[in-house]
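For reference, the structure discussed in these notes is given below.
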Amino acid sequence: MLGRAQRTLKRKVCYSGVGVHFGKAAMLTLEPAEENTGVVFSRHAASEQYIPARLANVCGTGRSTTLSLDGSVISTVEHLLASLYSFGVDNVRIYCSEDEIPIGDGSAQVFMDLIDQAGIQEQEQTVQIARLAHPVYYQYQDTILAAFPSDEFKISYTLHYSHNSTIGTQYRSLVISEESFRKEIAPCRTFALYSELCFLMEKGLIGGGCVGNAVLFKDDGVISLGKLRFPDEPVRHKILDLIGDLSLVGTPFLAHVIAVGSGHSSNIALGNRILEALQHEQELVK
């Protein structure tokens, strides 16, 4: 295994905003944490009850990723987690006054800005970076995910919307680093099909959604606050979600992840298979 110094934030930072699904205004606070704390969530700063950002605590994957433990719930964690993971922040306490992380403008930009504002502090203890030793796969209907051994963390994603010609088929392959995340992935906003709006509202979702925090795709065009940030913004946002979901493996790892049409549920399924493989390989080493 490779290793590097563990990292946390230098100072506390705060942000207030609205959750995209439940529409509640929330205060988000990120605080430095001691070595080996990991990424943990809590509803209240005075509380000693935390939800570790781990696959075992995933309780929902419908249009976002939700974590829960002992009755505490926090949803729409994926954009924040992707930012922390891509910036190599291992230890942080996250407090949110409501049960959903604020959405910002629908991208990871606000979280990247928060991390920049806080600064990053290296710590004395190290974290091991695991390397996948053999391929793992997940498939459900037309959704396919695979992770292959690699000396870098790379994602190759194919998005195919045969029912929406505005999106169509998009492909992006990228080695994930702080620099590539900052320039290529973080600015990309969440999106939905215009035809899905009634269904999502009936499900009690997108209560805080608006053109300021999401891009809507119609068959004949795009509804957006300003132009698309990239011609293939949707597939880049899918990579953003995938990074956040895979960060729940709970340790940095190297692999080439190939995804075709995946969403939160299948991302988590692959994450579990990666975790099982890494744990098995660790047992073999022992």
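Backbone N, Cα and C atoms are what each Cβ position is placed from, and that goes for glycine too.
Marked as active site, proton donor by Swiss-Prot: His264. Around His264 (active site, proton donor), the same-chain residues six or more apart in sequence whose CB sits under 8 Å from its CB are Thr61, Gly62, Arg63, Ser64, Thr65, Glu78, Asp241, Asp245, listed in sequence order.
Summarising the annotation, Swiss-Prot assigns Zn(2+) binding site to His79, His237, Asp241 and lists sequence analysis as the type of evidence. In sequence order, Ile101, Ile103, Gly104, Ser107, Ala108, Phe111, Leu240, Asp241, Gly244 are the residues of the chain that are 6 or more apart from His79 (Zn(2+) binding site) and have a CB within less than 8 Å of its CB.
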His79, His237, Asp241 excluded, remaining Cβ within 8 Å of their centroid (Zn(2+)): Glu78, Ala82, Ser107, Ala108, Cys188, Thr190, Lys238, Ile239, Leu240, Gly244
